[in-house]
Amino acid sequence: MRFIKVSDKLRERDKKHLWHPLTQHKVSPEMLPIAKAEGALLIDDNGKEYIDGISSWYTAVYGHCNQKITSRVAEQMQQLDQVVFSGFTHEPAVKLSEALVKILPEGQEKMFFNDNGSTATEIGIKMALQYHHNLGNDRNVMLAFEEGFHGDTFGAMSVSGLSVYNGAFKDHFIRVERIPVPKGDNNKEVISILKEHIKNHKIAGFIYEPLIQGAAAMKFHDADGLNEILKICRENEIILVADEVMTGFGKTGKYFASDYLSEKPDIVCMSKALTAGLLPMGLTSCSKKIYDAFYSEDISKGLFHGHTYTANPLACTAALAALELLQSDEIQQNINQITIFNKEFAAKLLQHSKVKNIRTLGVILAFEIDVKTDRYGGLRDRLYGFFMERGVYLRPLGNTIYIVPPYIISEEQLQKMYSVIEGCLSEF
Ligand SMILES: *Cc1c(COP(=O)(O)O)cnc(C)c1O
C-alpha cells in the first residue's frame, strides 16, 4: 500500500473547491501546503523550511507570528473585537491615527480606513475625483504611469498598466491618461507628454508608485524627474495620490518612499506592511485641503464610501504594534544593516556577466538575469523551482529576480539567500 502523506491529501482537497489568486489552474502546478511560519521562515507540512525572501508579498516585515504583535492582538481580542465605525469610535483607531500622522509625509492629517491595497487606491482615486466634483471643477480624468500597478478593483485596475490582470475589463475602465516613467535620460520627453495631457484632458488626479513600481518587476525611476512631474501637477491643481502600498513602512530605508522626494503627496495609500502581515487592512490618508473639500453642511459632499470591517480594532492594534516596532532602534538598525549587505551583494553581482540593471534601495534589491533566448521556456517557473528546492521563497517576475526580506532576517539567512541567487546565475 502506498504511504499517503498528509500534504498529498491537502493538495487534493485544495483542488476540489479552491480557486487561487493570479493563477491559471490548468497550467499551474499544485499548491504547496504551508503548515507554519516563524520569523523569516515559512515551513511546509513536511517540515521543510523556506526563507521568506519577499516578506509574504511585502507584509510580514517584522517576521511571521511576531509575539510582540500577536500578544497585543490577543489581548485586544478579549476587549473589543469589532464594532461599526460609523457612529462609534475606539481607542485602537484613534491611537493609530495619532501614531501615523507623526511618521507620514508632511501635511497628511486625516485617515480613512479600508480593507486592502486595492481599496486604499480606489478611495484615493475617489477622493481626487470627488474633490474636484465638490469644488464644481469639470475634471474627470486620472493620470497614471505606464506599467503601474494599483490593485484589482475597477478604479485601481483602470489606472494600472494593461496586462492579463485587467485586459478583459478595459471597456469598463474609468477615464485615464498615461505617461512613461521618468528614467533620467527621457525626463524632458515625459514632461512634454505630461504637458500635452494637461492641455488636452480634464485631469483630476495623478496616481503613482513613488520611485519603485513593484508589480512592474521592481522598476526604479528617477527622483528628480518624478519631483518635476509632481510639481507641474500641483501647479495645475492635479491631486497627487501616492500609492505607498508596497513602498511604505521602511522598505526603501525611509518610512515612506515619498520621504525621498521634495514634492509631497495630497493623498497616501497604505496597506501590506501596515498590519505586519497579521490581518488585512488598508488606509488612505489625506491633507486638510482634501478633507475640507468634503466638509460641508451639504450631505452629498461627504465621502460615502464604507467597508463593513472599517477600522477593525484587531487590525488597528496589529498596525499600532507594528508602528512601534518600525520606530524602534532595533528594527531601524536591522534595516540599515540589510541595506549595507544588499549594496555589498549588488557590487558582487556587478561582476557577473549575466546580471543586468542591478538596483537597490533599503531592503529592496532587484536585477534582470540576461538569458538571450529562454530555450526551454518558462524561465520564471524554473527559477522559482530552483529557489524553492534550495529553501528560498522568491517570486521572480519574467527574468527579474528581486528580494524584499523581512527586517528581522538573520545575517546567516540573508547570506544563504544571496548564495542561492548567485547559484542560479551559473545554472541558467
Ligand atoms: C499590492 C499592491 C496593491 C494592491 O493591494 P492588495 O492588498 O493586493 O489589493 C496596490 N498598489 C500597490 C503598489 C501594490 O503593491
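A Cβ is built for glycine as well, from the same backbone N, Cα and C atoms used for every other residue.
TrEMBL entries are annotated by machine, without manual review.
Here is what TrEMBL records for this protein:
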BINDING   Trp57, Lys272, Gly306, Arg395  substrate binding site
BINDING   Gly117, Ser118, Asp243, His307, Thr308  pyridoxal 5'-phosphate binding site
MOD_RES   Lys272  N6-(pyridoxal phosphate)lysine
Cα-nearest neighbour of Arg395 (substrate binding site) within the listed binding-site residues, Asp243, His307, Thr308: Asp243
Inter-residue Cα distance where the pair is Lys272 (substrate binding site) and Thr308 (pyridoxal 5'-phosphate binding site), in Å: 19
Cβ under 6 Å from ligand 1: qualifying binding-site residues of Ser118, Gly306, Thr308: Ser118
Those binding-site residues listed as Ser118, Thr308, and which of them has the most Cβ atoms within 10 Å of its own Cβ: Ser118
Listed binding-site residues (Lys272, His307, Arg395), ranked by Cβ neighbours within 10 Å, top entry: Lys272
Minimum Cα separation from Asp243 (pyridoxal 5'-phosphate binding site), reported as the residue among binding-site residues Trp57, Lys272, Gly306 that achieves it: Lys272
Inter-residue C-alpha distance, Ser118 (pyridoxal 5'-phosphate binding site) and Trp57 (substrate binding site) (nearest angstrom): 14
Cβ atoms near Trp57 (substrate binding site) (within 10 Å, other residues, all chains): 15
Protein Cβ atoms within 10 Å of Gly117 (pyridoxal 5'-phosphate binding site), excluding its own: 29
Inter-residue C-alpha distance, Trp57 (substrate binding site) and Gly117 (pyridoxal 5'-phosphate binding site) (nearest angstrom): 12
Residues near Gly306 (substrate binding site) in space but at least six apart in sequence (CB under 8 A): Phe85, Ser86
Between Lys272 (substrate binding site) and Gly117 (pyridoxal 5'-phosphate binding site), the C-alpha gap once rounded to whole angstrom: 7
